[in-house]
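Enquirer: Supplied in structure tokens, the structure appears directly below.
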Amino acid sequence: MAVPKLLSVTFLFFSLQQKANARGLSVGFYNETCPSVEAIVHETTAKFVSRAPSLAPALLRMHFHDCFVRGCDGSVLLNSTANNTAKRDAFPNQSLRGFQVIDAVKSAVEKCPGRVSCADILALVARDAVSLVKGPRWKVPLGRRDGNVSMASRGLGQPACSFLQCHSTDSVVRYQGFKC
């Protein structure tokens, strides 16, 4: 039962990747500044997913929650501050897990001389996590810019399986402009 859901969400990401190509993203974006980024991400992600395969759908879900509001900008990774509750702490996102994987990958990628966006790291981790549990693998267009705005109020329109029924989730997805 979990595999069909994972494949459905993966299909949604293939759709998002097509939109990404229209925004100037490209496969091989870091070929000059960090040619080993994909290998570093894959190796680090594999260390976690091999020990805990249930992280694969969790990491894909984190990427989905990042992309669902304001696009794939890494804003779900930003922490709350004294003056702002971040998207990460919005009700639908409180059950997200796998942040330790992203932190480890970010640390490993610091070996690169050039900067790699957290949004791209999240996209690569999601792809690699899915493929490591025998799911599909796809090319990830890169070159996202990290967002610097992360507000919990913007995360409240996201679907959260824990409190929405399927028909409600469909309406939230349609509201965002996606077709079910």
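Positions of Cβ are set from backbone N, Cα and C atoms, glycine also.
Take a look at what TrEMBL says about it:
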type	residues	note
SIGNAL	1-22	signal peptide
DOMAIN	24-153	domain 'Plant heme peroxidase family profile'
DISULFID	CYS34-CYS112	disulfide bond
SITE	ARG61	site 'Transition state stabilizer'
ACT_SITE	HIS65	active site, proton acceptor
BINDING	ASP66, VAL69, GLY71, ASP73, SER75	Ca(2+) binding site
DISULFID	CYS67-CYS72	disulfide bond
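Give me the local environment of each listed feature.
Expert: Within 10 Å of the C-beta atom of CYS34 (disulfide bond) sit 19 other C-beta atoms, taking all shown protein chains into account.
There are 21 other Cβ atoms within 10 Å of the Cβ belonging to ARG61 (site 'Transition state stabilizer').
Cβ-based neighbour count (10 Å, all protein chains) for HIS65 (active site, proton acceptor) stands at 23.
In the structure as shown, the Cβ atom of ASP66 (Ca(2+) binding site) sits within 10 Å of 30 other Cβ atoms.
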Enquirer: Given ASP73 (Ca(2+) binding site) and CYS67 (disulfide bond), what distance in Å do their CA atoms have, once rounded to a whole number?
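Expert: Between the alpha carbons of ASP73 (Ca(2+) binding site) and CYS67 (disulfide bond) there are 7 Å.
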Enquirer: May I have the DSSP-based helix, strand and coil counts for the residues of the domain 'Plant heme peroxidase family profile' (24-153)?
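Expert: DSSP classes over the domain 'Plant heme peroxidase family profile' (24-153) add up to 66 helix, 4 strand, 60 coil.
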Enquirer: In whole Å, how far does the CA atom of ARG61 (site 'Transition state stabilizer') lie from that of SER75 (Ca(2+) binding site)?
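Expert: Counting only the Cα atoms, the answer is 14 Å.
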Enquirer: List every residue in the same chain as CYS112 (disulfide bond), at least 6 positions away in sequence, whose Cβ is under 8 Å from its Cβ.
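Expert: Long-range Cβ contacts: TYR30, THR33, CYS34, SER36, VAL37, ILE40.
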Enquirer: Could you tell me which of these recorded positions, CYS67, VAL69, CYS72, has the greatest number of Cβ atoms within 10 Å of its own Cβ?
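Expert: In terms of Cβ crowding, the pick is CYS72.
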